[in-house]
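What follows is one structure encoded as structure tokens, with my remarks underneath.
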Amino acid sequence: MRLSNFQLNHKGIPAMHATRKLWTWLAVICVLSFAVLGWVGTEIYLTAPPIPKQVVSTKGAVLFSEGQVQLGQEAWLSAGGQQLGSVWGHGSYVAPDWSADWLHREALALRAVWSQRDFGKPFDQLSVGQQAELSARLKSEMRRNTYDASTGIITLSPERAEAVAQVAAHYVGLFGSDPSLDKLREQYAMNAGSLPDALDLQALPAFIFWSAWSAATDRPGETDLSYTSNWPHEPLVDNTPTAGAGIWSIASIIFMIAAIAGMIFHHSTAKEEGDPTPPKSDPLFDLKPTPSMKATRKYFYVVIGLILVQIGMGAITAHYAVEGQSFFGFPLAQILPYTVSRTIHTQFAVLWIATAWLATGLYIAPAISGHEPKYQKLGVDVLFYALLFIVVGSTAFGWLGSLQHLGNSFSFWIGNQGLEFTSMGRVWQVLLFVGLLFWVTLLGRGLWPALKTPSESRGLIAMVFLAALCIGGFYATSLTWGPHTHYSMIEYWRWWLVHLWVEGFFEVFATAVIALLFTRLGLIRASTANSAIVLETIVFLFGGILGTLHHLYFTGTPTFVIAIGAMFSALEVVPLAMIGVEAYRNYQRSKSAPWVQAYKWSILCFIAVGFWNVVGAGLLGFTINTPIALYYLQGLNMTAAHGHAALFGVYGMLGIGLLLFCLRGLSDRAAWSDKLLAPMFWSLNIGLAMMVFISLVPAGVYQAWASITQGMWFARSPAVVHSHFMETLVWMRVPGDVVFSVGALFLAWFAVRLLTGGKRAQLAALPVASANRA
Ligand code: HEM
Ligand SMILES: [Fe+2]
């Protein structure tokens, strides 16, 4: 959305009136979208795959007893959960997708049992006709729904029960310590004895069986439509995409193209209003930081520390994809297993990005309102130490809990919940939620005078504040599930948080904060930016709120989730396309007056935000977005490519740009070194592009081929993940990773120099000052 050329006054409507109308529209869209999303939640709750009380064979043997499926879920999450393979496609990439793995193993085992019983030979040695007969029987047996809602019992044939028992034994050995599976565990980057508790170990197969059963069993009254809409791809049991997945994919593409055309039409017909003449000198040059503004400086140093740790953990995690338990021969996994390094890697990404924004909010609030509330500095300091406590505490206890296997309750409450991006134990989540609310309060106090006084930029300030309020408030959704919640519902709520943050409120915060900074610098008109930002938020949230459902196509949800998710998330691409244009405009603005050079690298970071919004979020996001694409690509490296390019490219770059902007006002200008920022900026961006396009995207394409031709189990099997080609691609990450890390080191060097160089500059200035006085 071009902030500067949106026309307020066409048809002669006064600007304020037009903007008020837009705010009303925004409210209506939010209320309606959340009403639909909430209703979808109740439907998911009502129709999710049933959790059986028992799984028995027709001969009466009990395979899994009451409570075991749920205990198995807790046990899996406690052993690392989504950081140790995935279930229904959500999780990490080195170990298998357990649902797909179980399904494949069970199908093969059942076929083998029949083949021996009926023909006395292994399946491979049967005639074509015999094989065809067994294959057909397999499909019908595995798809038939034998769940009895009145008793809560799933009944299996004796042969299938035998196949299930075989696969269960494999899983018990794998998550236990069966030495014959040492090599496989190494390939999966998991340690022996993942589940030392005997009850947990016996229950784990129940949960994995159930996730695979839901994936292949036809829903009541349906044929060829499983609870997970036939995900994962598994030709053995006729798990192939549903017609709806194909139709809604096509419809969503057409819809997106039409919406982009509409947007281009709107922009080309709206009259351009140019940027204002930039001020002669930096309007912020004389800005004197208040005590609370100064207190934010330490936040930025913590941000840089967290970035460095995150990168270190990323390097270790990537290395485990080749050497599953050690680091160049050193048995690192005994103290820092893959599950822990990956948890820290993903959790710290969110934490440092959030910290940079929290600090920026606290820094700009008094600067904008010209008002330093009482005790604000104290508040900023308290929040800082509280956040530090949460980061250190949650990481240490998560790590300890994983190493010591302190049990499922410990994992859920204090340790590592095993859920990607929302991994910290519940106690830490509650503390973080309180911290975020405290942040919003501090921000509100700082901005209050500016919010209550009418001014040209009041709308913009209100939008920044509302986005902050939603970022803080929506964190509450990660407190909704308990240890025994149905997995479909955990996924539903988890994406409320992760998706609504990154594809909703973060986008709003990012655009509003950048626009606000540009208006403060006098480079864009506040009046135009005001309503442009409301319009842009409408477009973001119109697609973004219901777009949440693109994560839930295959997580045991009703089929209409595919339709709504595909159509609305396709709309998310529309504003992103325009953001690229806006980034180019910002580039031009950075050259509009000589003093703007002082903010050059912040502004370039904001331009990079625009670039990665188009490439990382828009392009790579849409690559996996249609149901038919995600059916084959979910949980493979194409998702990782998108995740890296979007999360770091957009929000990481924004965090760094904001950090630079604030540090500019907080530091001695003499100690500022653009010479260090240039290599920082280019290394981070080029490194990211190398990592994504030389390694992750090719790996994603290779796995896509494996998934389409043979099935999801194959794309995540050691045969593919540890193939020569894939391991070479992991090594090809190294150059990009190195270039990227060099960028982070330059940032750290730059920040340290600001501290030490500042003092040196002051010392050097002293004789001059005294000479002047003399
Ligand atoms: C800056 C904005 C965005 C960020 C930061 C972001 C980030 C992420 C992350 C971190 C993941 C999870 C990766 C993983 O599990 O390893 C993800 C998944 C995904 N994203 Fe995005 N994303 C953004 C925008 C978009 C957009 C605009 C689209 C599409 C229109 C999109 C579509 C998807 C899809 C389809 C998935 C996989 C769904 C799943 O497996 O649950 N994303 N994204
Ligand atoms: Fe999303």
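Heads up, the Cβ atoms here are built off N, Cα and C, so glycines get one too.
Computed from a predicted structure; not experimentally measured.
Here is what TrEMBL says about this protein:
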TRANSMEM  21-41  transmembrane segment
DOMAIN    52-233  domain 'Nitric oxide reductase subunit B cytochrome c-like'
TRANSMEM  299-322  transmembrane segment
TRANSMEM  349-370  transmembrane segment
TRANSMEM  382-407  transmembrane segment
TRANSMEM  427-448  transmembrane segment
TRANSMEM  493-519  transmembrane segment
TRANSMEM  531-554  transmembrane segment
TRANSMEM  560-581  transmembrane segment
TRANSMEM  601-624  transmembrane segment
TRANSMEM  644-663  transmembrane segment
TRANSMEM  684-705  transmembrane segment
TRANSMEM  738-756  transmembrane segment
Beyond the flanks of the transmembrane segment (21-41) by at least 6 residues, Cβ under 8 Å: 13, 459, 489, 492, 496, 531, 534-535, 537-538, 541-542, 545-546, 548-549, 557-558, 560-561, 564
Criterion met for the transmembrane segment (684-705) and the transmembrane segment (531-554) (at least three Cβ pairs under 8 Å): no
Cβ-based contact of the transmembrane segment (644-663) with the transmembrane segment (560-581), 3 or more pairs under 8 Å: no
Contact yes or no, the transmembrane segment (493-519) and the transmembrane segment (601-624), 3+ Cβ pairs under 8 Å, gap 6+: yes
Same-chain residue ranges lying at least 6 outside the transmembrane segment (299-322) that approach it to Cβ under 8 Å: 93-94, 189, 328, 332-333, 336, 338, 341-342, 344-345, 348-349, 351-352, 355-356, 358-359, 362, 384, 387-388, 391, 655, 659, 662-663, 721-722, 727, 730-731, 733, 737, 740-741, 744-745, 747-748, 751
Averaged pLDDT score, the domain 'Nitric oxide reductase subunit B cytochrome c-like' (52-233): 97
Intrachain residues whose Cβ lies under 8 Å of the transmembrane segment (601-624), provided they are six or more past its termini: 256, 503, 510, 514, 517, 570, 572-573, 576-577, 579-580, 582-584, 586-587, 589-590, 630, 633-634, 638-639, 641-642, 644-651, 653-654, 656-658, 660-661, 664, 674, 677-678, 680-681, 685, 688, 692, 697
Distal contacts, the transmembrane segment (427-448) - CB-CB under 8 A, six or more residues away: 292, 358, 361-362, 365-366, 368-369, 371-373, 376, 379-380, 382-383, 386-387, 389-390, 393-394, 397, 413-414, 461, 464-465, 468-469, 471-473, 475-476, 478-479
